[in-house]
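Chemist: When I checked TrEMBL for this same protein, it listed these features:
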REGION    1-51  region 'Disordered'
DOMAIN    59-301  domain 'Endonuclease/exonuclease/phosphatase'
BINDING   Asn61, Glu89, Asp203, Asn205, Asp300, His301  Mg(2+) binding site
ACT_SITE  Tyr164  active site
ACT_SITE  Asp203  active site, proton donor/acceptor
SITE      Asn205  site 'Transition state stabilizer'
SITE      Asp275  site 'Important for catalytic activity'
ACT_SITE  His301  active site, proton acceptor
SITE      His301  site 'Interaction with DNA substrate'
Amino acid sequence: MKRGKNAEEAPGDGENDTGSASAKKAKKTKEPEAPVLYEDPPDKLTSKDGRSANMKITSWNVDGLRAWVKKKGLDWVREESPDVLCLQETKCSEKALPADITSMPEYPYKYWAASDEKEGYSGVAMLCKTEPLKVTYGIGKEEHDKEGRVITAEFPNFYLVTTYVPNASKGLVRLDYRKTWDVDFRAYLSELDMQKPLVLCGDLNVAHQEIDLKNPKGNKKNAGFTPEEREGFSQLLEAGFVDSFRELYPDQANAYTFWTYMMNSRSKNVGWRLDYFVLSSSLLPGLCDSKIRNKAMGSDHCPITLHVAV
């Protein structure tokens, strides 16, 4: 996701006109405040009901697979070693995939979806250590499926869905389309959930609540934080799904997964939480941890990892 506008909070000057000249001078020379960073706590590997995590899933919007591979993204993946790796915004047709990733022996089962019409646009991937029972592409609606945004894998005890949700875009030119997507995608997930519980992961292109971005006030009319997009996510949760990170860390501020490349936003931690693991409520007893790996570089997003007992 790309955003230039209002990525950073506008600093207030805090000056008091009735203060002395020396006080004003002192304020002007005050050091800028240190950024408030998020420290990813140690991984929890046991669920509330006492089971050990037996599935580790990582999701990462790589903002261009080929560039991400060159930036050594795969080195981090090998170290993290998830059972399943889900990637979004691959921007790469299957024939143009780098050999570094197509030949990875750690993940013998690899699945790719790309935009039918636009090269270098959208795209998702799923790499698995064990073979899923079945893999499908899209959600069964041509208007959505031509952009290569969804892969669904069926495992014995759950479905795993990875998605790159459409961005409402600059000037909100795709907001109406996004609203249609939200309704159709929710219906698709609800239908799956009737058969087996599911884990949804990916770049959902929405910061749900004010706590989920640094500058909520300045972004209420911008893609990713409009009332319509936030309501779409609320309706997904109301349909029987859970935001795993907020379930475990309800009051954790400054925990973001996306930072624009501009204005040193990442070093200042001026970001948005756009990447999620959303679970069927029936999987909640097995939830162990939902991680934001904000030290991992290689994209304008960082990876997230889920530990779950299924």
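Any Cβ shown, glycine's included, is placed from N, Cα and C.
TrEMBL entries are annotated by machine, without manual review.
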Chemist: When the pLDDT values for the domain 'Endonuclease/exonuclease/phosphatase' (59-301) are averaged, what is the result?
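Modeler: That stretch averages a pLDDT of 97.
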Chemist: Using C-alpha atoms, which one of the recorded positions Asn61, Asp203, Asn205, Asp275 comes nearest to Tyr164 (active site)?
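Modeler: Looking at Cα distances from Tyr164 (active site), the smallest one goes to Asp203.
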Chemist: Can you grab the distance from His301 (Mg(2+) binding site) over to Asp275 (site 'Important for catalytic activity')? Cα atoms, rounded to a whole Å.
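Modeler: Computed Cα spacing between His301 (Mg(2+) binding site) and Asp275 (site 'Important for catalytic activity') is 8 Å.
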Chemist: Considering only the binding-site residues Asn61, Glu89, Asp203, Asn205, Asp300, which residue has the minimal Cα-Cα separation from Asp275 (site 'Important for catalytic activity')?
Modeler: Asp203
